[in-house]
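Database features (TrEMBL):
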type: ACT_SITE; residues: ASP214; note: active site, proton donor/acceptor
type: BINDING; residues: GLU17, ASN160, ASP214; note: divalent metal cation binding site
type: BINDING; residues: ARG109, ASN111; note: substrate binding site
type: DOMAIN; residues: 15-273; note: domain 'SMP-30/Gluconolactonase/LRE-like region'
Amino acid sequence: MSYKVEPLPDSYAGLGEGPHWDEARQSLYFVDLEAGSLLRYDYKQNKTYRTQIEGETPAGFVLPVEGNAQEFAVGCGRRVVIVNWDGVSPSAKVVRTLFEVQSELKANRLNDAKTDPRGRLFAGTMRYIGDEFEHRHGELYKWEAGGSVSVVKSDVGISNGLAWDEKAKKFYYIDTTDYEVKSYDYNFDTGVASNPKVIYNLRKTSPKDHILPDGMTIDTEGNIYVATFNGATIYKVNPSTGKVLLEIKLPTKQITSVAFGGPNLDILYVTTAAKFNQPAPAGTTYKVTGLNAKGYPGVSLK
């Protein structure tokens, strides 16, 4: 298969994360996590806009709020806040806090988050001061309209990739420190995940060889795409068999997350990082075309 990898213009993020395709606006939203910046790549204009959230770092994720074109749910520290941004201005403001978790754990912060196909928010935490592999103080949370927050999973090192498959009635989840992808049976009416099972394992024999699974997405055939931090690769995996169907190679090592988008939902957008003095083009956001696969648009928070 001949796929093509190309950079998006002005898309650098020191720690790019959380790509979300907004179908209505034909735009890819993502964050520069440690800078507290939100970015929007406008497909039609082929242009990237960036804003700084006033008084806030970090920004772990950005998700549009249904019914309000200028409101976004953003993970700032241990709070999920609502930010007002017109998609163009260089600064944005927090207008209210939706909820806070783990207020007593000052070394923790929210990391990756997504909405399920019904618009519920799933967001997880990690320790960002000290060793996340040793101190598994993270949790995965679910928030539903009306304001109730519940714990989906405790004993998490780095809460990361999330994906849902309505046809298979599955939820897929990555805790980076486990080096694996788990599947859960998922009830889309209640939002309850059960029966965890390891479906893909990246753990190698030597600790030095460990490639870290990070963000994740899914295509319409039910295959998952697992971004690897330090691996320079996105693995396309059949979750039923655990078989790797394709290795998508990128020109930089720290691949953080992936999302399908574009007018036909057949472009794979890829965020990367430039941590620990990675050389250019680290931190660039890419598009991958020619994969002969389609995904789903991002779901706004209800």
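Along the chain as shown, the residues are counted starting at 1.
Using N, Cα and C of the backbone, Cβ positions are placed for all residues, glycine too.
What you are looking at is a predicted structure, and each value in this text was computed from that prediction instead of being measured.
Each of the binding-site residues ARG109, ASN111, ASN160 was scored by the other Cβ atoms within 10 Å of its Cβ; the lowest score goes to ARG109. The average pLDDT for the domain 'SMP-30/Gluconolactonase/LRE-like region' (15-273) in the predicted structure is 95. Here the Cβ of ASP214 (active site, proton donor/acceptor) has 28 other Cβ atoms within 10 Å, regardless of which shown protein chain they belong to.
Same-chain residues that are not part of GLU17, ASN160, ASP214 yet have a Cβ within 8 Å of the Cβ center of the divalent metal cation site turn out to be GLY18, ASN111, ASP112, ILE158, GLY161, ILE174, THR176, GLY215, ALA227, PHE229, THR256, SER257. Listed in sequence order, PHE30, VAL31, LEU33, GLY60, PHE61, ASN111, ASP112, GLY215, THR256, SER257, THR271, ALA273 are the same-chain residues at least 6 apart in sequence whose CB falls under 8 Å from the CB of GLU17 (divalent metal cation binding site).
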